[in-house]
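> My questions all concern the structure below.
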Amino acid sequence: MIEALLVATGGFFGAITRFTISNWFKKRNKTSFPIATFLINITGAFLLGYIIGNGVTTGWQLLLGTGFMGAFTTFSTFKLESVQLLNRKNFSTFLLYLSATYIVGILFAFLGMKLGGI
């Protein structure tokens, strides 16, 4: 039961944080590139890498990794925004978004793990 509470608590704060950051960026960004989701996802990749690389206890992994990072990052919005770019025939932005999200996300997860392991 305590494990579920840790995940739920982390998830609550992760979702609220993503909502706040996403809305802040969307009000200020008028380009076709979905910068809010991109920054949220690469930040989340780095932080999750750092958490895991740091070797935190299972409780902290549940609270921060599964709960907070699980709700903070958003795979579904990334996919939806990618499809929307395709539907608008914005192919160059689509390719940039797709490739940058995967390449930078993996790089940031790696860096987070390395820095967390120091």
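In case you wondered, yes, glycine gets a Cβ from its N, Cα and C as well.
Taken from Swiss-Prot, the feature Na(+) binding site covers GLY70, THR73. Per Swiss-Prot, transmembrane segment is recorded for 1-21, 33-53, 55-75, 93-113, and the stated evidence type is sequence analysis.
Could you place the listed features in the three-dimensional structure?
Annotation for THR73 (Na(+) binding site): same-chain Cβ neighbours under 8 Å, separated by at least 6 residues, are ARG18, ILE40, ASN41, GLY44, ALA45, LEU48.
Non-local neighbours of the transmembrane segment (1-21) in the same chain are 36, 39-40, 59, 62-74; each lies 6+ residues outside the stretch with a CB under 8 Å from one of its CB atoms.
Sequence-distant contacts of the transmembrane segment (33-53) (same chain, six or more residues past either end, CB-CB distance under 8 Å): 18, 21-22, 24-26, 60-61, 64-65, 69, 72-75, 77-78, 81, 85, 93, 96-97, 100-101, 104-106, 108-117.
Panel annotation: around the transmembrane segment (93-113), residues 32-34, 38, 41-43, 45-53, 78, 81-82, 85-86 of the same chain, lying at least six beyond its termini, place a Cβ under 8 Å from a Cβ of the stretch.
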> At a C-beta cut-off of under 8 Å, are there same-chain residues at least 6 beyond the transmembrane segment (55-75) that contact it? List them, or none.
2-3, 6-15, 17-18, 37, 40-41, 43-45, 47-48, 116-117
> Tally every other Cβ atom lying within 10 Å of the Cβ atom of GLY70 (Na(+) binding site).
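The answer is 19 other Cβ atoms.
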